[in-house]
Amino acid sequence: MADTPLSRIAVIGGGAWGTALASVAARAGRKITLWAREEEVVAAVNKGHENTPFLPGIALDPAIRATSDFAELAGAEAILHVAPAQHLRAVTAGLAPHLKSGTPLVLCAKGIETASGKLMSEVAGEEAPEARLAVLSGPSFAADVARGLPTAVTLACADEALGAQLVEAIGVPTFRPYLSTDVIGAQIGGAVKNVLAIACGIVEGKAFGDSARAALTARGFMEMSRFGEALGAKPATLKGLSGLGDLILTCGSRQSRNMSLGFALGEGKTLEDILGARSSVSEGVYTAEAVMRLAAAKGIGMPICEAVHNILSGKSGVDDAIAALLARPFTNED
Ligand SMILES: NC(=O)c1ccc[n+]([C@@H]2O[C@H](COP(=O)([O-])OP(=O)(O)OC[C@H]3O[C@@H](n4cnc5c(N)ncnc54)[C@H](O)[C@@H]3O)[C@@H](O)[C@H]2O)c1
Ligand SMILES: O=P(O)(O)OC[C@H](O)CO
């Protein structure tokens, strides 16, 4: 009997999110190879069926096979690319020689490359020009998805037929990908919400209350929308799962690494100490600079993201940045 289309899927990146996506795609009936750069992850997944370093306490389908060798991905009919944003270029360059021309490459990182100011689709397009690109983004904590709790995400692909195949390949009733053709728009929310979540975490760490956090989230959505539309995103995408949806999740839960990092900053800890104590990635720390450079080039006002960038770069202390935001002149809402 012939295989269903996209029956063999590779996942690049053995962090929490790559592991959760491997788990969900296995649940959808796909044959999964998980590429991880850490040998301890490969061993933990293959022997104990658990990613103890990055997603402890969640049993994985024993059929998921892990490897650290790109050559073993040669038979994959689609690839979910889950390396963090700042490493996407190097990992894609390592993967590209092993990719068959036309292989679908679904970009799952949420960030903008700091060095170039480029979106993940631009970076991947440069390093793997023969791949067919798609983007997966939306409100989804790895632990929730891996546990099979109900979630919904955006899957964007310029080729709608391929996008529909990808949705069928990885979707299950408890992981619902909604199809879009807005590849740019689907990347904006995930990148900008991580910066805004740091701001919301600071508000929580300072115990400013729920009203302040709601105001910051709503004004943050204005910033995300202005920025996204200037980069070519469709307004409907920004109001959807990958934009507003992910902003609500990440700004409202300390399960978010970005929000919890902001919380620790608000409590008075230093960025160096916070980053030194964690092995997981907080993408907003790196994307803040890229967002601010792009916003400046396009003449877009993003005062909340700017305050976060000023704090992270050491240009302002937390209290000074808050005082400057509160002292801004009153203005129209839109
Ligand atoms: N964890 C989540 O809930 C979640 C959900 C949606 C999207 N994402 C996104 O997925 C991406 C990956 O996050 P994660 O949560 O899987 O990571 P993680 O924090 O669990 O693990 C860190 C990852 O970074 C990788 N890494 C570290 N240094 C590297 C290097 N020099 N080169 C290549 N890779 C390196 C590690 O191998 C590991 O895969 C991020 O862009 C994140 O925003 C995460
Ligand atoms: O833990 P965070 O802040 O990286 O957020 C994880 C996901 O992006 C939430 O959708």
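Even glycines carry a Cβ here, placed using N, Cα and C.
Where the annotation comes from TrEMBL, it is an automatic prediction and has not been curated.
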Legend entry - Given TrEMBL lists Gly13, Gly14, Gly15, Ala16, Trp17, Gly18, Arg257 for NAD(+), the same-site residue among Ala142, Ala143: Ala142
Legend entry - Additional site residue, Lys100, Lys110, Lys118, Lys298 [criterion: listed by TrEMBL with Gly138, Ser140, Lys193, Asp246, Ser256, Arg257, Asn258 for sn-glycerol 3-phosphate]: Lys110
Inset, instruction - Please report the number of other Cβ atoms within 10 Å of the Cβ of Arg257 (NAD(+) binding site). - result: 22
Inset, instruction - Other Cβ atoms within 10 Å is the metric here; tell me which of the binding-site residues Asp246, Glu283 scores highest. - result: Asp246
Inset, instruction - Determine how many residues of the domain 'Glycerol-3-phosphate dehydrogenase NAD-dependent C-terminal' (182-322) DSSP places in helix, in strand and in coil. - result: 104 helix, 0 strand, 37 coil
Inset, instruction - Quick one: of the binding-site residues Trp17, Lys193, Arg257, Asn258, flag those whose CB is under 6 Å from ligand 2, and say none if nothing qualifies. - result: Arg257, Asn258
